[in-house]
Amino acid sequence: MDIEDEENMSSSSTDIKENRNLDNMPPKDSSTPGPGEGIPLSNGGGGSTSRKRPLEEGSNGHSKYRLKKRRKTPGPVLPKNALMQLNEIKPGLQYMLLSQTGPVHAPLFVMSVEVNGQVFEGSGPTKKKAKLHAAEKALRSFVQFPNASEAHLAMGRTLSVNTDFTSDQADFPDTLFNGFETPDKSEPPFYVGSNGDDSFSSSGDVSLSASPVPASLTQPPLPIPPPFPPPSGKNPVMILNELRPGLKYDFLSESGESHAKSFVMSVVVDGQFFEGSGRNKKLAKARAAQSALATVFNLHLDQTPSRQPVLSEGLQLHLPQVLADAVSRLVLGKFSDLTDNFSSPHARRKVLSGVVMTTGTDVKDAKVISVSTGTKCINGEYMSDRGLALNDCHAEIISRRSLLRFLYAQLELYLNNKEDQKKSIFQKSERGGFRLKDTVQFHLYISTSPCGDARIFSPHEPVLEGMTPDSHQLTEPADRHPNRKARGQLRTKIESGEGTIPVRSNASIQTWDGVLQGERLLTMSCSDKIARWNVVGIQGSLLSIFVEPIYFSSIILGSLYHGDHLSRAMYQRISNIEDLPPLYTLNKPLLSGISNAEARQPGKAPNFSVNWTVGDATIEVINATTGKDELGRPSRLCKHALYCRWMRVHGKVPPHLLRTKITKPTTYHESKLAAREYQAAKARLFTAFIKAGLGAWVEKPTEQDQFSFTP
């Protein structure tokens with residue numbers, strides 16, 4: 001490349017930068033034209049690096065100024081408000097000023113309009129806003145939709161708004177901050193529709209209705225009008241401010257560890273309360289606005305399928321995102337209480353899990369049942385043939401074992417006396433034994449996707465996927481390769497480490513002596529175990545002798561949520577299961593992420609696991625390598641401890657209330673085999689995995705269960 005070419009390239013690039021700011025150049029003196037006036041063209045002197053512009057010849061042959069045309073940047077197409085839509089439906093309406101009250105600095109105008117023989121009034125701080133509210137009331141009178149936008153859609157008119165709400169323009173202007181918010185110029189822009197820390201969730205927060213009972217429980221739901229796209233380049237706070245000016249946002253709470261704070265903001269729109277959470281007040285405020293837009297105006301800002309909640313097949317007592325965010329906050333809040341606001345050395349963790357119980361339609365009455373942490377399994381040399389060591393200290397597994405303690409306590413409460421029966425979550429079943437009361441539901445929270453099939457294919461937050469540099473469009477496709485052989489495979493955890501590996505075809509049986517001689521002790525992944533719970537229930541084999549199968553109503557992830565991968569891991573891969581015993585089913589719970597995704601926990605995973613069950617005074621800390629506490633004592637969650645609880649309940653339950661007749665159990669293993677229907681369901685599950693080509697379930701050496709009850 002010669003020198004002349006280089007100079008041309010340099011001048012060309014400089015010219016582009018300069019042209020970009022031509023309109024913003026201030027006049028240097030009185031002879032220099034201002035913005036929009038004629039701009040003198042360069043003659044090339046003075047060492048200017050800009051490229052010469054072609055001169056235009058006047059009639060006398062002299063050069064003249066070429067007028068710079070100012071480009072108009074088209075603004076976003078806004079959705080038509082009620083006033084505009086009513087005018088299209090009923091042109092020529094007359095609005096009358098009825099009254100003006102209030103002080104000069106804060107007047108209140110009342111306007112009226114007559115439509116179809118009815119007079120509608122609206123009030124506001126300006127005549128324009130008063131007319132708008134009157135028009136909204138008029139629209140509601142003859143259109144069966146809750147707001148103007150839905151009325152517009154119902155009458156066959158569509159809003160053609162070409163938007164890209166994930167563009168870089170969707171950041172907050174400083175003018176919309178509350179007084180207590182200070183914009184951080186170094187923060188990257190967040191994108192509506194992502195699921196990471198700097199972004200919005202799958203469907204945002206969705207508010208609780210003013211009524212405690214969802215309409216879907218009492219009457220058939222009305223058809224939901226199709227959502228319309230939002231104006232481009234505008235964030236939820238800006239959009240809501242245009243639709244409902246003057247709203248006040250309230251700061252509710254602040255929680256979380258120092259590196260992963262969570263703030264909660266609220267706003268009231270049309271008498272309904274909405275809240276949102278985020279890693280700063282700005283994001284929390286935006287999510288509260290997003291919630292209001294979704295509920296009041298049917299304006300959904302994120303339609304990415306893989307980040308949407310996967311609804312359950314059963315009765316849905318709660319709005320999905322409200323439930324997910326509430327469960328997350330409750331578990332994190334309880335863990336904070338148990339660890340002195342995360343200051344305890346045992347607050348260190350990679351994964352946090354918990355079980356929350358709801359007893360009705362209001363999530364405000366939800367109760368944390370268990371909290372746990374952990375990411376490791378026992379070393380083979382520490383196996384116990386007396387049931388005194390915990391094999392698997394992964395957080396979600398420990399949370400479920402803690403839940404078993406609670407279920408035993410509730411059964412004992414029922415068996416105490418008639419007064420306590422009302423307090424218990426159990427009631428007698430007409431089919432024999434006991435069952436949960438109708439409104440009782442359990443929800444599993446895990447701070448990240450469970451190890452195994454659910455996590456292996458979603459290692460990053462969705463916001464990082466599908467990014468195209470030319471369009472800045474954040475798109476996250478569904479699983480591109482759903483039929484690959486690796487999808488759905490059974491996987492086992494690595495002994496004394498982290499991560500999982502696929503099962504071997506010949507590794508379904510482990511031997512006690514083989515493990516003691518150095519063979520790796522294999523433990524099924526958390527994804528596989530949760531899939532198992534979705535068939536045989538979370539109560540396990542021993543409790544199934546007393547109670548009907550119990551299933552999780554929802555599984556909520558704090559991060560790395562991907563609807564396609566999670567639903568496959570939890571139940572889709574075994575949809576071929578058949579011939580299950582009565583009352584057993586393939587459970588399909590609600591699957592959801594949370595609005596404010598948990599921050600990644602950096603650093604090495606601790607070697608301990610923490611557990612707590614409601615009623616416990618303090619947490620229990622277990623060495624994951626040995627399966628016991630640091631003093632070598634067995635855990636309150638070990639097989640032997642839970643078998644003692646089972647024996648105690650068995651001694652109290654009248655024989656006619658047993659779902660399975662068992663007289664004198666001798667060993668832990670025999671007691672488990674007595675739960676015949678449970679064992680049949682488990683066998684069908686293992687067969688379903690094999691038939692689907694996903695591998696064989698690997699069980700622990702049978703010697704682990706050959707122990708008897710010793711008080």
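Each Cβ is built from the backbone N, Cα and C atoms, and glycine gets one as well.
Cross-referencing 176-220, 446-490 with Swiss-Prot places the feature region 'Disordered' at 176-220.
Annotated by Swiss-Prot as region 'Interaction with substrate RNA', the relevant range among 83-88, 317-322, 581-586 is 83-88. In Swiss-Prot, the region 'Interaction with substrate RNA' annotation falls on 237-242 of the listed ranges 237-242, 327-332, 687-692. Swiss-Prot lists R400, R401, K529, R532, K672, K682, K700 as binding 1D-myo-inositol hexakisphosphate, and of K367, K376, K428, K639 the one it places in that same site is K639.
Counting every protein chain shown, 19 other Cβ atoms lie within 10 Å of the Cβ of R532 (1D-myo-inositol hexakisphosphate binding site). As a summary of secondary structure, the region 'Interaction with substrate RNA' (83-88) carries 6 helix, 0 strand, 0 coil according to DSSP.
Within 8 Å of the Cβ centroid of the Zn(2+) site, not counting the listed residues H394, C451, C526, the chain contributes V351, T375, D392, A395, E396, I397, P450, G452, K493, T500, S525, S527, K529.
Residue density at K682 (1D-myo-inositol hexakisphosphate binding site): 17 other Cβ atoms are found within 10 A of its Cβ, drawing on all protein chains shown.
Per-residue confidence over the region 'Interaction with substrate RNA' (83-88) averages 84 (mean pLDDT, predicted model). Counting residue by residue with DSSP, the domain 'DRBM 2' (231-298) contains 24 helix, 22 strand, 22 coil. Cβ contacts within 10 Å of C526 (Zn(2+) binding site), excluding its own Cβ and spanning all protein chains shown: 29. Rounded to a whole number, the distance between the Cα atoms of H394 (Zn(2+) binding site) and K700 (1D-myo-inositol hexakisphosphate binding site) is 16 Å.
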